[in-house]
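According to TrEMBL, the features are:
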- B:42-59: transmembrane segment (TRANSMEM)
- B:71-88: transmembrane segment (TRANSMEM)
- B:95-115: transmembrane segment (TRANSMEM)
- B:141-159: transmembrane segment (TRANSMEM)
- B:168-186: transmembrane segment (TRANSMEM)
- B:206-227: transmembrane segment (TRANSMEM)
- B:248-265: transmembrane segment (TRANSMEM)
- B:271-288: transmembrane segment (TRANSMEM)
- B:295-316: transmembrane segment (TRANSMEM)
- B:385-406: transmembrane segment (TRANSMEM)
- B:418-439: transmembrane segment (TRANSMEM)
- B:451-470: transmembrane segment (TRANSMEM)
Amino acid sequence: MPEIVLTAARFGFLVLLWIFVFTVVGVIRRDLFAGSRTGRLVAAPRGVAGAAQAGDARPAKVKKGRAAHTLVVTAGSLAGTKITLGEAPITIGRAEDSTLVITDDYASARHARLVPRDGQWMVEDLGSTNGTYLDRSKVGGPTPVPLGVPIRIGRTSLELRP
Amino acid sequence: MTTPHTAPPAAAAAVPETPVAAKPSLSFRLDPAARKVRRTELWLLLLGMAMVAGYLAAVEANMLDTVTMDFWYPAGVLTAVFLGLHVVIRLRAPFADPVLIPVVALLNGFGVAFLRRLDLGRADADARPDLAIFAGDGGKQLLWTLIAVTGAAALLWVVRDHREISKFAWTLGFGGIILVLLPAVLPGSVSEVNGAKLWIRFGSFFAIQPGEFAKLMLLAFFAYYLVRKREVLALASRRVLGIDFPRGRDLGPVIVVWAMSLLVLVFEKDLGTSLLYFGMFVVTLYVATERVSWLIIGLILFFGGAVLAYVLAGIVGGPFTNFGQRVDIWLDPFAEPYDRGYQLVQSLLGLGTGGLFGTGPGAGSPLEVPEVRNDFIFAGMGEEIGLFGLTALLALYLLVVSRGLRAALAVRDSFGKLLAGGLAFTLGLQVFVIIGGISKLIPLTGQTTPFLSAGGSSLVANWLLVALLLRISDAARTPASTGGVRR
């Protein structure tokens with residue numbers, strides 16, 4: 001074998017190895033930002049919370065392209081968990097078959113439910129012992145959830161993100 | 001689950017909006033998002049396998065002075081095996097992380113190829129072109145890869161939801177402890193290899209290391225136990241010097257695991273395994289409770305135990321002698337370069353010869369390093385692929401660990417979080433323990449390098465570990481709308 005081929009093989013293999021590493025890093029990078037389009041990393045304005053506090057008189061407007069796509073746990077033992085939202089309702093509670101199983105002493109087995117209605121997600125308390133809170137107001141019947149407003153269940157906080 | 005997968009796909013295609021597609025049945029019709037993920041996995045896998053083939057060809061070019069067509073066979077068998085696993089993933093875990101399989105497959109394939117290169121080095125120059133595909137260490141490793149990947153596929157096939165595992169937690173924990181302690185009580189003729197009593201030997205050919213499997217079983221138990229106890233462990237505490245320390249009675253299980261790992265250290269003469277078990281437990285505890293005090297307690301207990309064992313080795317000897325010797329070699333390997341320090345000295349010389357870029361595949365002399373097919377495989381590779389190559393391999397391990405932690409972060413139940421976090425950390429710790437050992441960062445211990453070293457038990461156990469990570473990452477990444485909850 002001519003020397004040049006061996007040298008090419010020697011360095012070529014190292015180059016390929018690193019190309020593989022960087023390809024994988026690229027895949028991971030795309031994966032991390034998957035489902036987030038431009039500007040997604042900016043949290044929704046907190047001011048929207050006012051609408052929820054004022055009550056149901058004025059249902060929060062859903063602008064085009066501002067629909068919720070993920071549910072993020074921001075506090076509690078599951079902090080960091082992300083759920084990609086689809087069409088199906090999300091159940092939250094200690095029961096094993098909930099979509100989001102929270103191990104929290106202040107949560108009930110079937111605590112609350114998030115249901116989509118015409119692109120707007122509604123939160124509904126399922127008769128929990130300690131209640132569900134949207135920002136600071138207690139949730140009774142189905143209440144629209146604006147983006148970025150925390151839903152509090154026991155020690156756990158959830159937010160809808162675009 | 002009753003829909004047979006032989007149902008004609010044309011029928012489903014004709015009525016795309018029917019709820020048929022929503023049924024999570026055994027079918028090749030994947031969700032578009034899942035299909036994209038799996039396609040990425042397939043391409044990465046093929047890229048990795050092409051590299052293994054390229055490496056094998058380069059080895060032949062260097063060692064035989066020609067490239068025979070034989071180099072295709074090991075690469076082809078590996079590709080077929082991993083493609084099989086890919087198909088199982090498509091059927092049973094369509095949303096699983098796309099990076100895990102290709103990266104692990106590349107490490108595994110590279111290990112097989114390097115072992116084959118060692119076989120070529122051992123054979124006579126004119127016998128080399130005739131080396132059969134399943135001959136030697138490389139061939140054996142190839143067979144073990146077949147078994148290991150089949151095991152991983154079976155695990156993915158049988159366990160549909162990682163939460164099922166928690167039902168068997170006590171059984172697994174009990175079985176794990178038995179497996180850990182079994183080699184210690186068996187006679188040395190059955191369990192001792194190279195001074196470490198870690199094995200169960202069946203005849204002269206076949207031996208398993210039960211500790212490798214015990215690792216996974218104990219982790220499942222730790223995760224289950226800590227999910228149940230996390231509130232008590234996290235909340236009941238006393239504050240000392242600004243750090244919350246747990247109550248004395250809650251320390252019980254920690255002390256038990258600590259004592260167990262010390263027993264391993266003393267009676268099985270294996271520092272690495274004992275460090276692995278203890279580190280595993282402490283980190284799961286830390287993840288469960290979010291208390292830094294556990295890490296501090298863990299580090300103090302481990303280093304205290306290790307120093308005590310070293311001091312005892314000097315005073316009473318007996319079961320501590322082996323450990324004392326290892327520390328002495330680590331402190332100064334060049335004190336007896338042809339005697340006790342021989343292994344480590346040769347390993348360091350190998351790494352030094354490799355330099356930045358290595359001598360090229362097949363152009364070095366890794367057989368100078370003793371035990372190069374097991375413990376010192378990383379040093380042997382280092383001579384031929386150099387620091388640049390080794391760093392790439394370490395980066396691959398790092399990526400696997402980071403994807404495991406990512407799955408832990410994203411999964412929706414506490415048991416899955418603890419299990420995935422613990423599995424990923426264990427893999428990382430094992431890589432650290434062995435590579436730290438061969439590069440003289442820490443005292444050398446007889447651990448296998450995951451996926452690279454020759455050794456069936458380690459390969460099978462680590463593939464099972466990857467299967468669990470895949471299962472958990474699938475649960476984490478399945479969107480809520482496609483039946484994210486499966487029992």
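Every residue gets a Cβ built from N, Cα and C, even glycine.
Across the candidate stretches B:71-88, B:168-186, B:206-227, B:271-288, the maximum count of CB pairs under 8 A to the transmembrane segment (B:141-159) is reached by B:71-88. Across B:95-115, B:168-186, B:271-288, B:418-439, B:451-470, the stretch most heavily in contact with the transmembrane segment (B:71-88), judged by Cβ pairs under 8 Å, is B:95-115. Contact between the transmembrane segment (B:451-470) and the transmembrane segment (B:295-316) is absent: fewer than three CB pairs lie under 8 Å, with pairs separated by 6 or more positions in sequence. Under the criterion of 3 or more C-beta pairs below 8 Å, with sequence separation of 6 or more, the transmembrane segment (B:206-227) and the transmembrane segment (B:295-316) do not qualify as touching, having fewer than 3 such pairs. If you look at the transmembrane segment (B:95-115), the same-chain residues 6 or more away from its ends with a CB under 8 A from one of its CBs are 31, 33-34, 37-38, 40-41, 44-45, 47-49, 51-52, 55-56, 59, 74-75, 78, 82, 85-86, 89, 136-138, 141-142, 145, 373, 377, 380-381, 393, 396-397, 399-400, 403-404, 406-407, 449-454, 459, 463, 466, 469-471, 473-474, 477-479. Packing against the transmembrane segment (B:42-59) from elsewhere in the chain are residues 67, 71-72, 74-75, 78-79, 82-83, 86, 98-99, 101-103, 105-106, 109-110, 112-113, 116-117, 120, 360-362: each is 6 or more residues past its ends and has a CB under 8 Å from a CB in it. Sequence-remote contacts of a segment are chain residues at least 6 beyond its ends whose Cβ falls under 8 Å from one of its Cβ atoms, and for the transmembrane segment (B:168-186) they are 197-200, 210-211, 213-218, 220-225, 260, 263-264, 267-268, 277.
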